[in-house]
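Below: one structure, written as structure tokens.
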Amino acid sequence: MIAASAGVLPLDGGLVEPALSAPLSTHADVADRAFVKRGSGEIQPVLALADISLSFGGVAALRDIDLEVAQGEIRAVIGPNGAGKSSLLNVISGLYRPDRGRVRLGEHSFAHVPTARLAQHGVVRTFQNLAVFKGLSVRDNVLMGLAHRVRAGFLRQIAGTPLARRIDTENRAAAEDVIGFLHLREVRDRAAGTLPYGLLKRVELARALVARPSLLLLDEPFAGVSLGEKRELAAHVRNARDLYGATIVLIEHDIGVVMGLSDRVAVLDYGRKIADGTPDQVRSDQAVVDAYLGVAHADETELAL
Amino acid sequence: MDTIASTSHRTGPVAESILVGVAAVIAFGVIPLAGSDYLMDAVLTPFLALALAAVGLNVLTGYAGQVSLGSAAFFAVGAYAAYNLHLRVPELPLLLDLVLAGFVAAAIGIVFGLPSLRLRGFYPAVSTLAAQFFVQWALTKFGWFSNDNPSGVIDAPALSFAGYSFTSAAGRYLFSLAVVTVATILTLRLLQSQTGRNFIAVRDHEIAAKVIGVPLLQTKLLAFGVSSFLIGVAGVLWAFAYLRTVEPAGFNLDRSFQILFIIIIGGLASLRGAFLGAAFIVVFPLMLSRLGAALLGGVFDSGVLEMSQRIVIGALIIAFLITEPRGLIALWDRFRAAIGRRTGRPRQDISYN
């Protein structure tokens, strides 16, 4: 497939430098939303979890989780299998209702996040086992990310009223933009169901980014992709923050990629948060080493970008 | 939806519009002048009604992913609603009766679509099956629907519109053709809009669609409504333009399956597939009876014909589901792609429908 061959991003038009650590300040003009308030003292977190607990038939999946995600950061939640990472993401996106605790998204606080209105709150998520719409073309998949913006009713859409056409034109322009950004131009007319897994990960990311979310939740974005694709995806995730201004929460068990990519890392184990801090702090935390890393694996640290 | 879009993408908009233009001239001009009454009366008019019903079912099943076994119920609702509208409000023009009958069918369809909001997979189909039996029972039980005919039979009024009457075979064919053309174009526009994408999104990954902000309730009920509307209008054509005398028993479960088979054989989530499948379902029995009579002579009576027809269609459905779930339309696209390669015109690979 296109672009998949390169470890370093083939970038159009020199919009961003291929280096993975693009300095934030140079993109301040593009990333309008996220960094405006950055560094200006007390700012409201984009996402705040307070005292979240969740259990399934007596088995505690999450216990008293507190988590704050600041504007414009890449926040990783890591942990071994069954630590409660996916449950946490499902609580944030409203697919699960926590037994206790509250989720605050920007200025709104919820006991149970309304999934159907998530997109309106500027929150989008991806899924661990790919949730692309296989029967739609890549472009239509991306356009689906803007479904909540289509305010014209179906009769107006059939009739092609000025409102419906204007929304359609705007959405198509936004979709083209993100399709170019993620190097999907050559496959945009292909049915998603005919594309390989690694490419579909990018399609899903494009669908998430097209709405320019304030908060992007990524569920194991690096699961099941090759090392080269991992580097590439990591760069895309970073660019999503730098250029699209999204605050990012990603859950992952591939600790190597995460450490290089994230600003702060929270570690879950058996439903509890056992550590929270910068990658360096977490890496040297004894509880994390005991619970998660076990005996330090040389090969895992090698993966760090 | 993307069928047409991607086809024109492959062949170029000019070639495609020439093709459509030629087809329109033949359908609207040549056939009514040169075609025999038998062709229009017994082949093309039922083909058009069934094709429109299949377009309607395809919206629901092929695009929105909700299986329905109650198409004949909405077919019947359309026919009986138009009959009663004409009978009880004679001031209304027939074309308005047709549209209103579609809305009545849409309302019934939405009611029986409500369980699909709670049920997943196969189970909503049971609700549509309930529609099938309920409607047939109600039309037989309550004489009001058939103006107190003891067996529920209705005689359709003569087709007329704006002072013109469409009672001849050619007239009824042209009336059906015009209605089906307009309805199909509007459906195509709907499927190419965001609403059409929402249908497929709900079909392919309901949770993801919900998280993105697709209103599930609205989208599913709209699919039921639009689908039933189209099937209802097709039912009016079936009763008024084709048979002209219909009874509730004619809208039984067999008819529902017939429409379902059309979209399976023709190709799910493809409007062209609906037409191709309908053509096959209409032409196939005629071919089979000719062939059977030629080969076996007198032994091949109507009973044998019906049995052999069921066997062959059943076998075909199994064969399609196993070897080409995308139906006849996929075969047709592949055939055209092969021709394109031979004539040296480069084409993209076949799209998904």
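Backbone N, Cα and C atoms are what each Cβ position is placed from, and that goes for glycine too.
What TrEMBL records for B:12-31 (among others) is transmembrane segment.
The transmembrane segment feature in TrEMBL is assigned to B:43-60 (among others). Residues of the same chain lying 6 or more positions beyond the ends of the transmembrane segment (B:43-60) and with a Cβ under 8 Å from any Cβ of it are 31, 35, 66, 68, 71, 74-75, 169, 172-173, 176-177, 179-180, 183-184, 187, 190-191, 199, 223-224, 226-231, 233-235, 237-238, 241-242, 258-260, 262-263, 266, 268-271, 273-275, 277-279, 281-283, 286.
Positions annotated as transmembrane segment by TrEMBL: B:67-86 (among others). Within its own chain, the transmembrane segment (B:67-86) has Cβ neighbours under 8 Å at 53, 56-57, 60-61, 92, 94, 97-98, 100-102, 104-105, 108-109, 112, 122, 124-125, 128-132, 134-136, 139, 145-147, 154, 156-157, 227-228, 231-236, 238-240, 246, 248, 251-257, 259-260, counting only residues six or more beyond its boundaries.
Taken from TrEMBL, the feature transmembrane segment applies to B:92-114 (among others).
Taking Cβ pairs closer than 8 Å, the transmembrane segment (B:121-139) reaches residues 66-70, 72-74, 76-77, 80, 108-109, 112-115, 145-146, 152, 248-249, 251-253, 256 in its own chain, all 6 or more past its ends. Annotation comment: TrEMBL describes B:121-139 (among others) as transmembrane segment.
Per TrEMBL, the feature transmembrane segment maps to B:173-191 (among others).
The transmembrane segment annotation in TrEMBL covers B:221-243 (among others).
Residues or ranges marked as transmembrane segment in TrEMBL: B:255-271 (among others).
Taken from TrEMBL, the feature transmembrane segment applies to B:278-299 (among others).
What TrEMBL records for B:311-332 (among others) is transmembrane segment. Remote same-chain residues near the transmembrane segment (B:311-332) are listed as 3, 261, 263-268, 270, 272-273, 276-277, 280-281, 284, 288, 350, 352-353 (criterion: CB distance under 8 Å, separation of at least six residues from the stretch ends).
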Under a Cβ pair cut-off of under 8 Å, which of the recorded stretches B:12-31, B:173-191, B:221-243, B:255-271, B:278-299 contacts the transmembrane segment (B:92-114) most often?
-> B:221-243
Per the Cβ under 8 Å criterion, with at least 6 residues separating them from its ends, the transmembrane segment (B:221-243) contacts 41, 45-46, 48-50, 52-53, 55-57, 59-60, 63-64, 66, 68, 71, 74-79, 81-83, 94, 97-99, 101-110, 112-114, 116-117, 154, 156-157, 159, 166, 172-173, 175-176, 179-180, 183, 187, 190, 195, 199, 202, 250-251, 259
